[in-house]
Amino acid sequence: MDSPNQAGPGRSWAKRLGTLGAVAVLALLSGCTKEQISTGFFPAESKGATNHTEAYTSLWNGAWIALLIVGLIVWGLILWSMIAYRRRKNDRGLPVQLRYSMPIEILFTVTPVILVVGFFFQSVQVMEKTTDDTTPGEQVIEVSAKQWAWDFNYVNQDVYFAGTQVNLDGSEKPGETAPTLYLPVDTDLEIKLHSRDVIHSFWVPAFLEKRDMIPGHDQSLNLRAEKEGEYVGKCAELCGEYHSEMLFNVKVVSKVEFEDYTESLADKGNTGQLGSEYDRNWYPKEGAEK
Ligand SMILES: [Cu+2]
């Protein structure tokens, strides 16, 4: 039989463990900078990088904070019940079994439903602002992925850049010889994505967006780059032997610098567009011998 005074040590243990847990969480979080917490551990340069990054970050932060609160409550309850209801010296047989507790059943059913409904509507709202963004592009850029580099067509200016594969030298950055995509700042962009051969994926981590590039299924990424700077990009779909070297740089520059750059391409003779004539033909053309 439990005597009432036995609840005493149980409670003080629970308190001690609770304090220890709180100290551990604080110690863990104090290792993070304010910047890391406010960007939800996304790349720091994603802050203000495009007109979409804030929506992604707040959805992500809201989700993990809500789940962390649920986690803390559940871990707390587990620890508390382990200590408060632990087997004591004079206990014999099984303790009183608890089942069909209506309040607990309701809590365990209603809380996940509220979370799922909440996440669903928040996600839909964010998708409407981001992936469904169809703002017409003031500047249209065609990005073609190919094993294992990138071609860029600056459609408005009718100039192009033909990329060649990066040769990694052990440094983390793609390097100056990597294909570089120039984007004018504060301009509505329509980045048309096309694959010349196999499935690739266009990914600029700082933009917090990634799009698959499937042969025959072109799509576009409409956004505004809002912060000048240099970013890195990569192919995010295993696409063959040198997938890891399918890297590129992104330079978000002022509109004047962007015009200078596209003019420099024209000066080099890179006028016109690199079209589907450079796509790999998987199947023999009609009428050709097999
Ligand atoms: Cu690829």
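Don't overthink the numbers, they just go from 1 along the chain as shown.
Glycine is no exception: its Cβ is also placed from the backbone N, Cα and C atoms.
What you are looking at is a predicted structure, and each value in this text was computed from that prediction instead of being measured.
Marked as transmembrane segment by TrEMBL: 58-83 (among others). If one looks beyond the transmembrane segment (58-83) by at least 6 residues along the same chain, the residues whose Cβ comes under 8 Å of a Cβ in the stretch are 10, 13-14, 17-18, 21, 25, 38, 40, 42, 111, 115, 118-119, 122-123, 126.
What TrEMBL records for 104-121 (among others) is transmembrane segment.
Broken down with DSSP, the domain 'Cytochrome oxidase subunit II copper A binding' (136-264) shows 16 helix, 64 strand, 49 coil. Taken from TrEMBL, the feature domain 'Cytochrome oxidase subunit II copper A binding' applies to 136-264.
Annotated region 'Disordered' per TrEMBL: 269-290, in sequence order.
If you look up TrEMBL, you'll see 277-290 marked as compositional bias 'Basic and acidic residues'.
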